Amino acid sequence: MTSATATSRSTPTAAARLDSLTGLRWIAALMIFCLHIQSESNFFIADSRAQDALNSLLAAGRSGVSFFFILSGFVLAWSVRPTDTASRFWWRRFSKIYPNHFATFLVACLLLSWRGMEVIDFERMFYNLTLLHSWPPGQSDVWYSFNGPSWSLSCEAFFYLCFPLLYAGLRRLRPAAWWVISVASVLFIAVLPFGIKLFHEPFGWSEHFIVYHLPPVRMVEFLLGMCLALLVRGGWWRGPGMTVSIVVILAGMAAAAFLPEEYGLARDAACTVLGYSLLLPACALADVRRSRSIWRARRLVYLGEVSFAFYMVHEICLYAVRHTFGDDHPHRPSVAAGVLVLATFCFALVAAMVLHHVVELPMMRLLTGGRRRPVAGGVPPAGSGAVLVGPGGERAAAAAPEPVAAGRT
């Protein structure tokens, strides 16, 4: 791995493909999948000690959505087209995320109908199909309706709406201001869940909504990514390389494990935001300079390109597997549980490839009239990541949300 510390203020070109960031998208999507496997651990394996070991191993995926939000801001600010208009930008973003969202919405409706659950609920359908379902305070049945991970797309849609204005404002500022905003954003994200708890006791669903689901609050991560991209593009970035950045991320994940569960997934974003803020510029500079990067491997880049589709289908696949094999507490040995987890992963990956090649890419070409390949692949997973799907549909509690049928509370 190479150091990302700039020795001269050369200006990277925005035309450079950031394949390392695309590869990292797959790692983040995989983290989110692991998080939801953890949430379903009582289905896959019965032994409580094995469940505890699995939970400890897979808990690192909790910060996946935060990574996707920062990455989204970075990639969009990096790949801005000088002659672009707001309307064209919004249409490209719509063409990227909405076909997958609508397709998985339909699949979720079919799956819920198969389960004999009521599907028609016009309020939830309205919020979900208009990408407003992350806005209603305290309504987790709306946040996670139909395909749970799509709640993060509600945040992304708000980011996209604000992006032209945010970018125009940031471009008027000096690089020193970008640094100030970046540092302030990291501090805000790091202290928010703990600051909220000082004034709200206990830390419940209302507080979780503020720190984890409310789009204007999550936009701080998006804004952070934009500022980091501008610093790198302008040659102003000074930071460690990939190795140090990964160590900082792992240390943050370890620290989050010692914080109270009541903070939910917000604690993981708080503990990893610094490491992610160091890793993205380090990887971008490695790609610009064509220096060594393990994240640029060809197969990993392909998986990164599929990661948005994977994010959108993996919770549906988990739901289908769980209800196909029955909802009762299992008594299967650990080896059988491992085989079932692997089979579920393969099922989700194949479904993601189908969605990517049959829906996502053809619809992008149809709606935009072009075949331009994105610089680093836009959204997540807005994400499962997290997740549920959390590229983000995570809940504050350990249990992952199921698709929500009409009438469910």
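Each Cβ is built from the backbone N, Cα and C atoms, and glycine gets one as well.
Database features, via TrEMBL:
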DOMAIN    19-352  domain 'Acyltransferase 3'
TRANSMEM  21-39  transmembrane segment
TRANSMEM  59-78  transmembrane segment
TRANSMEM  98-117  transmembrane segment
TRANSMEM  151-170  transmembrane segment
TRANSMEM  177-196  transmembrane segment
TRANSMEM  216-232  transmembrane segment
TRANSMEM  239-259  transmembrane segment
TRANSMEM  265-288  transmembrane segment
TRANSMEM  300-321  transmembrane segment
TRANSMEM  333-355  transmembrane segment
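Between the transmembrane segment (239-259) and the transmembrane segment (21-39), fewer than three CB pairs separated by 6 or more residues in sequence fall under 8 Å, so the two stretches do not touch. Between the transmembrane segment (151-170) and the transmembrane segment (216-232) there are 3 or more Cβ pairs closer than 8 Å, counting only residues 6 or more apart in sequence, so the two stretches are in contact. Sequence-distant contacts of the transmembrane segment (333-355) (same chain, at least 6 residues past either end, Cβ-Cβ under 8 Å): 33, 37, 44-45, 47, 50, 100, 103-104, 306-307, 309-310, 312-314, 316-318, 320-321, 325.
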